[in-house]
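Step one of this worksheet: look at the structure below.
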Amino acid sequence: MILQRLFRFSVIRSAVSVYLRRNIGVTAVAFNKELDPIQKLFVDKIREYKSKRQTSGGPVDAGPEYQQELEKELFKLKQMFGNADMNTFPAFKFEDPKFEVIEKPQA
């Protein structure tokens, strides 16, 4: 009943129909179980990478050189920015400028 009243307005009807058409098109592709072999391999690799990343808790297949380089770069950043926490946004404090009042000589 409420939907019928809403669909009387052409603007709402057209917006909803476009939205539904777009979503139905996306879900039809997403739920298509018939994947070609290349696409299936790609999706399998993405899932494998995701599971590896979750188990390792960081970068996948990163050797000790990568960890050393990462620590070195983070150390450089901490030195450049005064040992600030890199995960938080810096707090800025702006002071209002102080203006001097200059009196105009009267002519």
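The backbone N, Cα and C atoms fix where each Cβ goes, glycine too.
In Swiss-Prot this protein carries:
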{"type": "TRANSIT", "residues": "1-31", "note": "transit peptide"}
{"type": "MOD_RES", "residues": "Lys40", "note": "N6-acetyllysine"}
{"type": "MOD_RES", "residues": "Lys45", "note": "N6-acetyllysine"}
{"type": "MOD_RES", "residues": "Lys78", "note": "N6-acetyllysine"}
{"type": "MOD_RES", "residues": "Lys93", "note": "N6-succinyllysine"}
{"type": "MOD_RES", "residues": "Lys93", "note": "N6-acetyllysine"}
{"type": "MOD_RES", "residues": "Lys98", "note": "N6-succinyllysine"}
{"type": "MOD_RES", "residues": "Lys98", "note": "N6-acetyllysine"}
{"type": "MOD_RES", "residues": "Lys104", "note": "N6-acetyllysine"}
- line: DSSP output for Lys78 (N6-acetyllysine) maps to helix
Query: Which state, by DSSP, holds Lys45 (N6-acetyllysine): helix, strand or coil?
result: helix
- prompt: What does DSSP assign Lys40 (N6-acetyllysine), in three states?
  reply: helix
Other CB atoms, at most 10 A from the CB of Lys98 (N6-succinyllysine): 5
- line: Of the modified residues Lys78, Lys93, Lys98, Lys104, the one whose Cα sits nearest to the Cα of Lys40 (N6-acetyllysine) is Lys78
- prompt: Minimum Cβ neighbour count within 10 Å among the modified residues Lys40, Lys104: which residue?
  reply: Lys104
- prompt: By CA distance, which of the modified residues (Lys45, Lys78, Lys104) lies nearest to Lys93 (N6-succinyllysine)?
  reply: Lys78
- prompt: Between Lys104 (N6-acetyllysine) and Lys98 (N6-succinyllysine), what C-alpha distance do you get in Å?
  reply: 19
Residue among the modified residues Lys45, Lys93 whose Cβ has the most other Cβ atoms within 10 Å: Lys45
Field: Rounded inter-Cα distance in Å - Lys98 (N6-succinyllysine), Lys45 (N6-acetyllysine)
entry: 61
